[in-house]
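Trainee: Here it is: the structure, laid out below.
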Amino acid sequence: MASGLTANKKLRHKITAAALLVTLGVVYGDIGTSPLYVMKSIVAGNGGMGHFDTDFLVGSVSLIFWTLLIITTVKYVLIALRADNNGEGGIFALYTLVRQRARWLVLPAMVGGAALLADGMLTPAVTVTTAIEGLKGVHINGNILIDNQQQVIWVTILIITFLFFIQRFGTDLIGKAFGPIMFVWFTFLGVAGFIALSKDWSMLRALNPYYALHLLVSPDNKMGLFILGSIFLATTGAEALYSDMGHVGRGNIYLSWPYVNICLVLNYFGQAVWLDQNSKVTAFNKITDFNPFFQMLPESIRLGAIILATLAAIIASQALISGSYTLVSEAIKLRFLPRLHIIYPTRLKGQLYIPVVNTILWLACLAIIGYFKTSAEMEGAYGLAITITMLMTTLLLYQYLRSRHAPAVIAIGTLIFFSAIETVFFISSAVKFLHGGYVTAMIAFIILAVMYVWQYGGRIRDDNTYRAEMASLFAYKNQLSELRNDPDYPTYTTNLVYMTQIANDHYIKKEILYSILDKRPKRARVYWFVTVNVTDEPYTAEYTTDTYGTDYMVNVQLYLGFRMEQQVNVFLRQIVNDMMREGELPTQPQKYTTIPDRQVGDWTFVLLHEELSPQTQIKGFQKAIIQARLRLQHIAVSPAQWFGLEYADTIDETVPLVLGKIPITKLNRLTRSQAEAQPEDEDD
């Protein structure tokens, strides 16, 4: 394969102290802020202070410990991280590894991706709100900083708005502080938990899974199986951990996770000890938004802890926002979503900004804050969607293990074991549907509907148009040669480029040749037919060329990774210079130019736009899908922007999209006398 492009292959992530700090700031934001609300949700669900005993607390932290161990450590850290696509992780990267096994696997990939995006909209709202609620009642110089929930809402809205506003400028500068701050945060979690745990080491008996299982059937547990809906909040960040692997590397996650896990477990156990020792203090029930995380801290450090928690919540939110951009970008490259305008605000690999996604996330967060108002209400909706994502990931992991020829007993055992556990979590979280979960379910359904329309609509179009009239470039080689040398036609451009798909090396849609020869003969020195092939590897940057034995026709096949910018204009200029250097194309010296000794002429790109033809003859449902897909194109970025042609000379031409078998109506020619003999329509 000829390759003149500099391949931006995956970076080999070195394991260093700096890299481990970056990992703490990028990967663990979501799971690292869970101690802010997990025990709070468990206690509130059981009736509040005074409505639980020691066995209840032991069973609760036992469930948390084993959930973190089984779901986060075993499934994601030990198994899923090995299912990487050239270093990239996440449900879409996993899908690209297995999609050749069965066409239907696109469904779990889309369902899981839609649910993950929906749940990500709730994370910034719930984490920041929980942190700010800790300021209620806190005195500074004798004054109460925040004394009501309305003030909490406004402060949260200001923080969220600021966070989304700065996305357009890139987060490289503040991102450098994320790692150290999260290191301090996790250390604080561990130390605070250890101090509280040291007052009653007997809480460590919760490491025995017996207490976890016993709690599920204990009469002390007023929630029954549904307590798992709160327990699950401790591991919601596991999917994000897998998705962010490409930013930091598997090795850095392997080394940093034990420290993070220990700090989290210590804090959960410490909160349980404090709750056990203060369970009879019913006065705590009078505290609005009672949170054991903050209450177990000495009054002297509580304000500092709240500030640190707020910073951690902001970092967690930033990680979810960046993760959403990456997820949408991958969905676009996989043709699950329309092409959207993507901006790369810094030179940092993988850092991108999608304006329309940023606006939607911001408005969704504000709507969620305004609708639910308190973190307790948000917790009721949180986690439902992510259980669906985890189930879909388990299904794809099974397919991955089978594709790697893992023993059937291991692959099937993995599927059954994790599916059973996650199904129980899903059932226990289903009650959240009535308590706000319908919000994330509705958002996930809308995202899934858009994905389905775009993906299935594209499939309908491809299935119906691949049989469309195709033409061989060989059959028109002579005409193109004559046209480029015909003095009767003015030179249209030096290099004429069509973005297309070439089948069997030399067949293209006849509408392209119609554009060149019939619509308006376009005389050029070189005719370029460019195909962009998105590969399953994230950072492929390669190409092939075929001139068909001429020096005026070039078939360019670009192979770009699903995370690569499609800067066709830039790539073509390198390709033409490579070909001239190899003697495959003659130079194109320019008489008038600002560039000394310029050897490449001007370029014109012809972009063909499709509009559904009235002649389309397909089933009603399929036609509705196609029409919906064409409407979605209005929110999509223009082909010129998508292919990096914003500053190039582009020509837009509209072509009819005809699907299905075209009915042919034959007219009968009448003589004048026959026409005069036709009965005339009478006026009403």
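Glycine too: its Cβ is placed from the backbone N, Cα and C atoms.
Okay, so Swiss-Prot annotates it like this:
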TRANSMEM  19-39  transmembrane segment
TRANSMEM  61-81  transmembrane segment
TRANSMEM  104-124  transmembrane segment
TRANSMEM  151-171  transmembrane segment
TRANSMEM  177-197  transmembrane segment
TRANSMEM  223-243  transmembrane segment
TRANSMEM  255-275  transmembrane segment
TRANSMEM  303-323  transmembrane segment
TRANSMEM  352-372  transmembrane segment
TRANSMEM  381-401  transmembrane segment
TRANSMEM  407-427  transmembrane segment
TRANSMEM  433-453  transmembrane segment
Trainee: How about the transmembrane segment (223-243) and the transmembrane segment (407-427): at least 3 CB pairs under 8 Å, pairs 6 or more apart in sequence, or not?
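Mentor: They do touch: at least three Cβ pairs between the two stretches lie under 8 Å.
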Trainee: Where else in the chain does the transmembrane segment (381-401) make close Cβ contacts, counting only residues six or more beyond its ends and a cut-off under 8 Å?
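Mentor: Contacts with the transmembrane segment (381-401): 71, 75, 79-80, 83, 91, 94-95, 97-98, 101-102, 105, 108-109, 111-113, 115-116, 118-119, 122-123, 126, 229, 232-233, 236, 238-239, 242, 372, 410-412, 414-415, 418-419, 422-423, 425-426, 429-430, 432-433, 435-441, 443-444.
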Trainee: Looking only at residues six or more beyond either end of the transmembrane segment (19-39), which have a C-beta under 8 A from one in the stretch?
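Mentor: Residues 13, 60, 64, 72, 123, 126-127, 130-131, 175, 177-183, 185-186, 189, 230-231, 233-238, 240-241, 244-245, 247-249, 252-253, 255-256, 260, 264, 267-268, 271-272, 275, 291-293, 309, 312-313, 315-320, 375, 379.
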Trainee: For the transmembrane segment (255-275) and the transmembrane segment (61-81), does the number of C-beta pairs under 8 Å, pairs 6 or more apart in sequence, reach 3 or more?
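Mentor: Judged by the Cβ rule, the two regions touch, with the required three close pairs present.
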Trainee: Can you tell me which parts of the same chain pack against the transmembrane segment (61-81), counting only residues 6+ beyond its ends and a CB-CB cutoff under 8 A?
Mentor: 31, 38, 89, 94, 203, 206-209, 211-212, 215, 227-228, 231-232, 234-235, 237-239, 241-242, 245, 250, 253-254, 257, 261, 264-265, 268-269, 272, 390, 393-394, 397, 414, 418, 421-422
Trainee: Decide whether the stretches the transmembrane segment (352-372) and the transmembrane segment (177-197) have at least 3 CB pairs under 8 angstroms, with pairs required to be 6 or more apart in sequence.
Mentor: no
Trainee: Do the transmembrane segment (151-171) and the transmembrane segment (433-453) share at least 3 Cβ pairs under 8 Å, sequence separation 6 or more?
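Mentor: Output no: the transmembrane segment (151-171) is apart from the transmembrane segment (433-453).
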Trainee: Thinking of Cβ pairs under 8 Å, which stretch from 104-124, 177-197, 303-323 has the most of them with the transmembrane segment (433-453)?
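Mentor: Checked against 104-124, 177-197, 303-323; highest Cβ contact count belongs to 104-124.
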